[in-house]
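Engineer: Could you have a look at this structure, given as structure tokens, before my questions?
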Amino acid sequence: MDNKQQSNGMTKENNAVKKKANWSGSLILASLTGAFGSSFLYGYNLSVVNAPAGFIKKFYNETWERRYGFSVDESTLTLLWSITVSIFAIGGLVGAIIVTPIVKFFGRKCTLVLNNVFAVAAALLMSLSLLAGSFEMLILGRIIMGVDAGISLSALPMYLSEISPKEIRGSLGQVTAIFICIGVFTGQVLGLPEIFGQESRWPFLFGAIIVPSLIQAVILPFLPESPRYLLLEKHNRSKAEKAFQRFLGKNDVSHEIEEVLAESRVQRNTKLVSIIQLLRTRAVRWQIVTVVVTMGCYQLCGLNAIWYYTNNIFSESGIDHEKIPYVTLSTGGVETLAAVFSGLVIERLGRRPLLIGGFGLMVIFFGVLTVSLTLQNTVHWLPYLSIFCILAIIASFCIGPGGIPFVLTGEFFQQSQRPAAFMIAGTVNWLSNFAVGLLFPFIQAGLQTYCFLVFAGICFAGATYLFFVLPETKNKTFHEISQAFAKRNKVALEMQEMNHYPGERKSSEGQESNFTSSVDNGETKKGIV
């Protein structure tokens, strides 16, 4: 009995040590620095246009009048503002499309570092637009900032998923969502009238973008590249081992190297696949559909509509105009707390309940919000219920749907498929983002208080699909996750049939042997590792 208790005690102690070792200083610094110069800026640029909207429209009107001698008409001004808001998503789409060749050639970490060129250029254009008297500079800066966001929202989750142990992959992946929320909150704080929310100071809101970019550009080069990228794509075993050692905080990383090489043997090659090749691969068909659904729902569930048009929604709820910036601040605080909560519990509860539960709660609160907005003129306290529903929707989004889609995209696919998968996810993400930013004002005008029922329907459809299709991916290797989808993809029988072809199997073994002999950075090692 004593031996059994001693054994259990040692097991718990070893697990505790292992869990503690997972969070090394280099791993924490890489995730925080990577997110601060990437997803933080995405969130910041979602909210930063809200507070100075009136000042920017006035700047547009004054510039137009100075050039042409007459004021711009209301419809043209609305069009210019809609373009300014939604053009960010067009830049994001461009960034998502070009990210695959960039991460292949430069690597994950170097892509994030080089991406800061776009952020700094965009910040200079937007912050100097008032001084130069050119609203085109502001619009161009929004496009370039969108390119930066499109690249970073693919490269960052890819980097984080490849440097983290599977035991904390979900928690580390949620860093992306947490920093998006912190970015939104920071944009709201800096937009207060006491700081930069004044007519003469709004350009500083855009100039502040330079700070996170420079911090990332200074710190990230001193941290390792993705060890999986170094091993499987660059075939540099020595650098991969050093990267694993720094990220995991231990000297013996032979198990991790073996795990990555085992994945390469299952793949039979490490050549990156194109989008067309990925779409034609039956073994990942349902993974692709699931990524498209989760990314589509991520944008179409209505959160961006609330982020872009919070001031209008609170105004419709009966809040005084002077109080709106401070009430809006509560949305950023709630979403940040909810995202942090999700990061703390994701490895305990799993991806599936947080994602499905988040969408389910959003359906409920969208329904209550619709009733509240419809009847708010009849009962004096209903505007406060509307505010509560908005905060509850944001919290429901951030506990699951706000970050888990990025985690799943990194978990579903093997090394050679991941860049193409992130390109597909990014394309869906940014097209949906653009559609919401452009169409929501017209949906709101046409449906009035019933507009949020559209988003409730999308959330319900997403939750239903995920309930029947999504497997739990917590603490699973990439190969185990692929196996979870194998039955639905109908590939198990085909894999068994492949084993009956000796010639093909022999060829695969030859590829494995050749690969193993090339991963040691010039040193020849024969046989299967």
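Our numbering is plain: 1 for the first residue shown, then up by one each step along the chain.
Positions of Cβ are set from backbone N, Cα and C atoms, glycine also.
Predicted automatically and left uncurated, TrEMBL annotations should be read as such.
Below are the features listed in TrEMBL for this protein:
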| type | residues | note |
| --- | --- | --- |
| COMPBIAS | 510-521 | compositional bias 'Polar residues' |
| DOMAIN | 31-474 | domain 'Major facilitator superfamily (MFS) profile' |
| REGION | 502-529 | region 'Disordered' |
| TRANSMEM | 21-42 | transmembrane segment |
| TRANSMEM | 79-100 | transmembrane segment |
| TRANSMEM | 112-133 | transmembrane segment |
| TRANSMEM | 139-160 | transmembrane segment |
| TRANSMEM | 172-190 | transmembrane segment |
| TRANSMEM | 202-223 | transmembrane segment |
| TRANSMEM | 288-309 | transmembrane segment |
| TRANSMEM | 324-346 | transmembrane segment |
| TRANSMEM | 353-375 | transmembrane segment |
| TRANSMEM | 381-408 | transmembrane segment |
| TRANSMEM | 420-441 | transmembrane segment |
| TRANSMEM | 447-470 | transmembrane segment |
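Show me how these features fit into the structure around them.
Structural biologist: Panel annotation: around the transmembrane segment (79-100), residues 45, 49, 53, 56-57, 60, 72, 111, 118, 135, 138-139, 142-155, 272, 275, 308, 419-420, 422-423, 425-427, 429-431, 433-434, 437-438, 441 of the same chain, lying at least six beyond its termini, place a Cβ under 8 Å from a Cβ of the stretch.
Outside the transmembrane segment (112-133) by six or more residues, the chain places 34, 37-38, 41, 59, 63, 66, 95, 102, 106, 140-142, 144-145, 147-148, 151-152, 155-156, 159, 202-204, 206-210, 212-214, 216-217, 220-221 with a CB less than 8 A from a CB of the stretch.
Tertiary neighbourhood of the transmembrane segment (139-160): same-chain residues 30-31, 34-35, 37-39, 41-42, 45, 80, 83-84, 87-99, 102-103, 108-109, 111-112, 115-116, 118-119, 121-126, 129, 172-173, 175-176, 206, 209, 226, 406-407, 409-410, 418-419, 422-423, 425-426, 429-430, selected by CB-CB distance under 8 Å and a gap of 6+ residues from either end.
Residues 294, 297, 301-302, 316-317, 342, 345-346, 382-383, 385-386, 389-390, 392-393, 396-402, 404-405, 449-450, 452-453, 455-456, 459-460, 462-463, 466-467, 470 of the same chain lie 6+ residues outside the transmembrane segment (353-375) yet bring a C-beta within less than 8 angstroms of a C-beta in it.
Taking Cβ pairs closer than 8 Å, the transmembrane segment (381-408) reaches residues 153, 157, 161, 169-170, 173-174, 176-178, 180-181, 290-291, 294-295, 297-298, 301-303, 306, 310, 313-314, 317-319, 327, 330-331, 334-339, 341-343, 346, 351, 354-359, 361-362, 365-366, 368-369, 372-373, 375, 425, 462, 470, 473 in its own chain, all 6 or more past its ends.
Remote same-chain residues near the transmembrane segment (447-470) are listed as 286, 289-290, 293-294, 296-297, 300-302, 305, 351-352, 355-356, 359-360, 362-363, 366-367, 369-370, 373-374, 401, 408, 440, 488 (criterion: CB distance under 8 Å, separation of at least six residues from the stretch ends).
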Engineer: Restricting to CB pairs under 8 Å, which listed stretch, 21-42, 202-223, 324-346, 420-441, is in contact most with the transmembrane segment (172-190)?
Structural biologist: 324-346
